[in-house]
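Some features that TrEMBL has for this protein:
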type     : residues : note
TRANSMEM : 56-73    : transmembrane segment
TRANSMEM : 109-128  : transmembrane segment
TRANSMEM : 135-152  : transmembrane segment
TRANSMEM : 164-185  : transmembrane segment
DOMAIN   : 176-437  : domain 'TRAP C4-dicarboxylate transport system permease DctM subunit'
TRANSMEM : 192-210  : transmembrane segment
TRANSMEM : 422-439  : transmembrane segment
DOMAIN   : 448-685  : domain 'TRAP C4-dicarboxylate transport system permease DctM subunit'
TRANSMEM : 459-480  : transmembrane segment
TRANSMEM : 487-507  : transmembrane segment
TRANSMEM : 527-548  : transmembrane segment
TRANSMEM : 568-586  : transmembrane segment
TRANSMEM : 709-731  : transmembrane segment
TRANSMEM : 751-772  : transmembrane segment
Amino acid sequence: MELSQETTHKTPLRRFTWVVLLVAALYSLYLVLHPFTPFSRTDISILDVVQLERAVHVFFLLFAGYLLTAQGLPQRRTTGSWVFVALTLPFLYTFWVPNVPGVAIPLEGRLAGTLAWALAVLPALLPTTRRYTDLLAALLSVAPLAYQLRFYEELVYRAVIPTGWDMTMSFSLIILVLGLVYRLLGPVMPSLVLIFLAYNLYGHLVPGTFRGAKNGIDLLLGKTYNETEAGIYGLITGVSAKYLVYFTILSGLIGALGLGRVIANIALALVGRTPQTPGRVTGIASVFMGMFSGSGAADTQFVATLTKPLYEKAGYDRMTAAGLVATAGTIALITPPVLGSIAFIMVEILQISYLWVMVMAIGPCLLYLFAILAYNEFYARKAKLPPVGADGHLRRRYALRYSTIFLPILVIVILLYRGAEVATAVYLAALAFILVGYLDPTLRPEPLRQAMRSRWYPLGLGLGMLLALAGFFLPTLLGVGYGEIPLFHLTLAFLGLILGTFAFPSAMEGKFMAAFAPIANGLAEGFRQLIPIGAAIVAANLIFAMMVITGLPSKFSIFLGQVSGESLILATVVTALFSLILGMGVPPTATYVLTSSLTAPAIINLAKANFAGYGLPEQQAVLAATLATHMFLFYYAVLADVTPPVALSAYASASVFKTDPITTGVYAARVALAKYIIGFFFLLSFTGTGLLILPVLQSVPGLEGWLIVLERFFFTASAIIFLAAATVGYTRRPLRRWESWAMGLLAVSLFYPYPNLWMGFVPLVACLLFFLRRERPATTHSLGTQDVKR
């Protein structure tokens, strides 16, 4: 469902929800600042203990999430609703009747757990009751947090021997999380979590390879609630609290400051006036927006709204336009420096630098964008579209004038390169964005422009400078050192500047809060954007915890090895299909968590053996295979976002272009067809990892490594061009059907990383022959259906 964005004004409930969102965002930001402040010397558990920080984070997701869903429209009761409710019943029954010797849950605890179940689950069948049940569920979410804070030190030591009330709180928390995920993302993901829960409880009844041990409800609930890294507050939930919340806050601030349209206008100004302008703007604007947000569906919605008039003016086929936008929107998930939640999970699982993931994502991102632009180029030429583009004021001077908007991104990259924490880099980038929006006269929000026209503004400007200087040096007087990054000093200087320069003139005009309104709205909106993603991540952590308890990954690795016959090609094909199918019902984050846990060990072993054949030492072969495998799984989890029938980006694009979502998904899959092929060649040979840059350069230093990287990019880019031409059915002339198919097959063969360089030139030369023939009248065909608007 869509969360209501009107979280301010109108009703007391909306105002209260807005305050909760703002407090949640401020708490997250203060966690970054806390180690640099004098308060770090005190012992405040929710600021110093990682487990409790995550518990507070999950509480805010639940509390704010249920407040928001209480204000939304009721969902329809579907077959999925009945399945979700039915799957909760064995869990509820086992909670009431544990059948474990010595385990007893008090009646009060069982009633409290049943209340949580009723509030979270029954509205799936009784949608009209949800407003009241969701408000009560929000209140009930306080209990697991309060219990965790009160008994934390004791809980750590009784993960496998929980008390009755420990199990009550665990059951209530799990069911409240699943209820929220159901409301936000539908029944598939919570049902998947419940299947894993059932496997933990009844896996001993499963025959064959997947037969599991008999686990009691006490072990399941105890480890989930009390464990540090293997429970619900574990490593994957930590990704939301440690990384993702800061990027969504950054995205919310950009929207509140009105900078999103400026970013899109820069893309339009750079492209100019050509027949291909709509598609080019779509690709470049999607990359620009992806640098800031990392949300595929949200970026698709924004870019679609911006570019729809251009597509209509140029005469693009409506389905092709919607498909281009849907495909381009997904690029946000693989665009550095934000990338999305999967990248942060990879960092935590592999314990590698986030900078490594950023570098490895550059190649797939550029090739994905190139595939979109190539398809758009041939389509526009074939359809003979008229040139469209920017108006007079949106020239390259506009791009130069507002290029300062990318300075915060540069701040993130530089700080990460220097070894700073991701949260610290994004925190400073957020301050930089606010300064860009506040100090540039043409970008200031309207309340600030009114403050600038105040007669008090000159005095406020001087006061702001004075307070900024005082704020920067005050921490030194309090005994706080500068360190490598004087974060506390910079924060106080920033606040002093805002207070003096903007808040003072506004206050003298009787509008003190006007100076802070854009910032506060951006912070609240940023946390609101996090709630669906954060809830999905917590649910994914539950799946991960269930797999750890059962040892399912090792069983699945054995199964995958048997199915693939120890063939790397077959194993990657099976895994890619599994990832795409899984992604039809669950978000990319959950898809990656499942596939990385279940299939990665087997693929890494197969890839390691393959890479060792290139003369790599075992340690380097393992590292290269591990990085390539996880980037492969990352890539195909992202593609699920644009693959029909359940393609969130396709639905977002279809809502703007007024097209059928399923058909839009089909067109989105067809546009830039190369995106489904590129990922396989990360793994099929060591030279194929050149597309990821880092694995090759780490193993083959110097010029030889760079030559491997450049060779792979040259042949892959050539293959993308030829495959796009074959898909459209046009090169310098229209192609017959057999020519399109022949060219398409030759293009696919170009993707393969051949052991000898000359072997790649054979299909390259054959493809070039199609381009050398001049245009002549012919019946045109393409690899897909005809889509050129007549």
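Our numbering is plain: 1 for the first residue shown, then up by one each step along the chain.
Even glycines carry a Cβ here, placed using N, Cα and C.
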Mind checking which residues reach the transmembrane segment (192-210)? Cβ under 8 Å, same chain, six or more beyond either end.
-> 84, 87-88, 90-91, 94, 174, 178, 181, 217, 220, 539, 542-543, 546-547, 549-550, 552, 555-556, 558-559, 585-586, 590
When each of 56-73, 109-128, 709-731 is checked against the transmembrane segment (164-185) for Cβ pairs under 8 Å, which one has the most?
-> 109-128
Per the Cβ under 8 Å criterion, with at least 6 residues separating them from its ends, the transmembrane segment (56-73) contacts 1-4, 7, 13-14, 16-17, 20-21, 23-24, 27-28, 46, 130-132, 134-135, 137-138, 141-142, 144-145, 173, 176-177, 180, 183-184, 232-233, 237, 240-241, 245, 527-528, 530-531, 534-535, 538
Express the predicted model's confidence over the domain 'TRAP C4-dicarboxylate transport system permease DctM subunit' (176-437) as a mean pLDDT, rounded to an integer.
-> 86
